[in-house]
Each structure stands twice: as structure tokens, then as C-alpha cells.
Amino acid sequence: MRDLYVYNTLTRKKEKFVPLTTGQVKMYVCGITPYNHSHMGNARPFVTWDVIKRYLEHLGYAVTHIQNFTDVDDKIIHAANGEQVRWDTIANRYIASYFDVMDALHVRHADIYPRVSEHMPEIIQMIQTLLDKGMAYVVEQDVYYSVEKFVDYGKLSGRTLDDMQAGARIEVDTRKHHPMDFALWKGAKEGEPSWESPWGQGRPGWHIECSAMSCKYLGKTFDFHGGGSDLIFPHHENEIAQSEACTGVSPMVRYWLHNGFITINSEKMSKSLHNFFLVKDVLAYYDPDAVRFFLISNHYRSPLDFTDARLEEMTRSLERLRTSIMNVLELATMPAGGKSAEAAALLTEAQQVAEDFETAMCDDFNTALAAAALFELAKKVNIYREAVVNNGVPVDTSVITEVKRIFKMMTDILGILESAWNGQTSSADASEYAALVEAVLEIRKECREKKQYELADAIRDKLQALGITIEDSPQGARWKK
Ligand SMILES: [Zn+2]
């Protein structure tokens, strides 16, 4: 197996990756708080981790991927009260929306998506252990973690308690032993969901869920923990404090990986700046492959700037790759003609590109350089095809087979252009296809309005036979392929 190097936030250096168990990788990624549709900033870590997972699998590791949903949270409760619906109505709606956009972006699913609301016994147990060990204390119906009791507090963010206090806006709370102490459990308030606990009705603080759920599914120590760099402090710092104090095992995580921010026209994405781009809205304008390609176009730790010009550039770049894939597929169907100097050169170049790709990915998953290798291969393929079509150079089928394997290996790891390998000649195909189905559904709607139900059902059955499922709802018919 190739040596893989990753930048570890904990040690602040690039390290050779050594798994805890040979051939296996256990990774935990902090998921979303489902109180709204996912925005582009949300999407970046999930696409990044999807590529990391695909590459680890390519290297031969069996990967276990856990990603939580923070379905009990102030923002969800606030949204639910605003709409006068239950908190879980909000959570379920936006979890479904998360999967819609992630599926469109070809993000493969995690093995388990644990939810806070389904892990109260584990969370309560962990808090109880921290209390038993003297690491936490009860104030009325709340439980706080005592940061001064954990000697390693600050080791991930590289800050001392004094630095943190100086940098944080902390409300004076005389009930806390130290201003940086954080809530493990919060007593129930009017109009909030709550669960029974040894400290009365209440709900967990934010950080404890990831400690409890990662320990349940991955054990006391695991390989990778990921999330946006905004989670380093306090969230991940607190996870370490909780988990290591509870289990007595250090490190909780061997390699901490954090992705950079997305900026919009060079400003950090935030709601207050009104530059808050929802993934679903971006997907209405751009091909999902182009959006995905954009999200991995910089190294994951670097900032990434969202502009329309950049998305348009990504779209054009993908079309160039798509054309080259069409060329490979075309060459593969041409009659075999034997060896040539051109084919030998192409093979050597393709092998070098594969090597460059692997070198880039093994250097802390450098997708920017890996993509550059992909364009290099596309160029070489196009040159060879020109030679075949214009100069009568024979097609060397065994070389084309190998080039196709290398090309597809790379696009599969980056998770792009699957449709091109399936013969879709342009990204416009997808929208044309959708327009066609919509047109048929429009005719079917007219049939139903005229009470021609037999004809409407026949249309539905014909579409079903083509793999298109229709669901009728009061808002009209929805379809999926
Ligand atoms: Zn988390």
C-alpha cells in the first residue's frame, strides 16, 4: 500500500497515516444541524470527505464512516416554534433536503447517521461517568464540564485557558466554576423538547453527542475525525475533553482533519452578509458535477471562493474532460489495429499521469493537483485520437483499455463524470431529459383533468417501464429516475 500523508490539526504537521487496525479506517465526520436547507459552506466538508473516503477505499482500506445529525438544538426548536410544528418535523424535513442535495452531488452515504434524539441513554451515561470521575458538576438541573480538571484542555486549538477567555465573549455566569466551562446537560425550559435524566427533564449540550456517538460506533480511539475548521474550537476541543476524560484513553482521535471556509466573492459566507448560498439553489443553475468539481478544485484546507465566473469555468473544464472521455469510448469501439509509436507514447504518458495523481492524493489529498493530472491525460488522449482519425494511426486496443481504466479510476475517485462513462455526451442531456419528462407529465395531468384515467395510468405505466417513478400528491406529480 502507498504511503499516505495527512495534515493533523492536533500535531500541526503532516504525518504518515498509520491506521489503528491494519487495512481498516474508522472515521467520524460532524454532520449538520437540520434547521434549514444546506448551504455551500455545509457541502464542502461532505464532498471533501466523500473524496477522502473514495481514495482510502482505492488504497484498499475498508472504511467505516459515521456522521451525525444534530437533531436536538436551539435553532431547530426556534424554527419549530416559528412554524408551530414539532421539532422533529423541522429536523426530518431538512435531513431529507440534505440527502436530496448530497445525492445530486454524488456524495456516498455514511454507514450510520446517528441522531442525538436516538442516543439519549449513551449521552446520559457519558455525562454520569464524567460526574463520577469529578470532571463535571451539577448546578440546579444543568450539568457543566469543568475545563480546569482536564489538563490537556486546549491541545487541539493550541490555546491556553487564558487565551480562550481573552478571545471569547463570555457572559458572566456565577453558577460556573470557570468561565470556559460548558454545558453537558441543560434543564428543560418551557416549550422545548426534553428527556428524562438523573438531573431532571432536559436535553444535552451540543458537544457531548459527538463524544457519545463516536465512542459507541468507533470505539475509544479511532483514525480520522473531520469537520470545518470553525469546529476546532470549541466543539472538537470539547469532544476531546469529554471523551478522553470519560474513557481514560488518549488520543481519542489519531488524525484530526479540518477543511477551510468558503467565501463568496472573497467574503466569508454567513447569513448576516446575505451571501448565504443554498446548495439546492446553486444546483438549479449549475450541473451538479460542476458544483462538485468546484468544491474540490482547491486543496481542502485552503479557502475556496465562490463566484459565478468560477462555476462557469468549472462547467467548461468538465465539458473538456467529457469530450475526452467520449474520445476514449469511441477509440475503444474502433477496430483493433495493433501497435504504434503514438500508442506506446500514450501508454507511458497515462502511466505517468496516474503516478502524478496518486502522488497528489497521497500528499494530504491534494485534489487540486490531482485534477491537473486529469486534464493532462485528457490532452494526451485527444492528441492520440487526432492521430487515429486524421493520420490513420492504428488503434491499439490494449493501450486504450489501460488508458480507460486509469482515466475512469481518477474520475471515480473525484466522484465526477459518471454520466460521461455511461455515454451521456453533454451535461445538457440531463436537463433536456427532465424537460421531456415534465412535458409528458403535463399531458398526463390534462388527461386526469379530463377524467381520462385509463390513459393517465397508461402513461404512468409506460414511464415506469422506462425506470421513471411517478408519485401523485396534492401539489401535483413528482418523478424520479
Ligand atoms: Zn461533532
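Note: Cβ is positioned from N, Cα and C throughout, glycine not excepted.
Over in TrEMBL, the protein carries these features:
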BINDING   CYS30, CYS210, HIS235, GLU239  Zn(2+) binding site
BINDING   LYS271  ATP binding site
DOMAIN    356-425  domain 'Cysteinyl-tRNA synthetase class Ia DALR'
MOTIF     268-272  motif ''KMSKS' region'
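Note on the domain 'Cysteinyl-tRNA synthetase class Ia DALR' (356-425): mean pLDDT across this stretch is 96. The local packing around HIS235 (Zn(2+) binding site), expressed as other Cβ atoms within 10 Å of its Cβ over all shown chains, amounts to 17. Under the DSSP three-state reduction, HIS235 (Zn(2+) binding site) is assigned to helix. Same-chain neighbours of the Zn(2+) site beyond CYS30, CYS210, HIS235, GLU239, judged by a C-beta within 8 angstroms of the site's C-beta center, are, in sequence order, HIS207, GLU209, SER211, HIS225, GLY227, LEU231, HIS236, ASN238. When Cβ atoms from all protein chains are considered, those within 10 Å of CYS30 (Zn(2+) binding site) total 20, not counting its own.
The Cβ neighbour count for CYS210 (Zn(2+) binding site), using a 10 Å radius and every protein chain shown, is 27. Long-range Cβ neighbours of GLU239 (Zn(2+) binding site) (same chain, at least 6 residues apart, Cβ-Cβ under 8 Å): HIS207, CYS210, SER211, SER214, HIS225, MET252.
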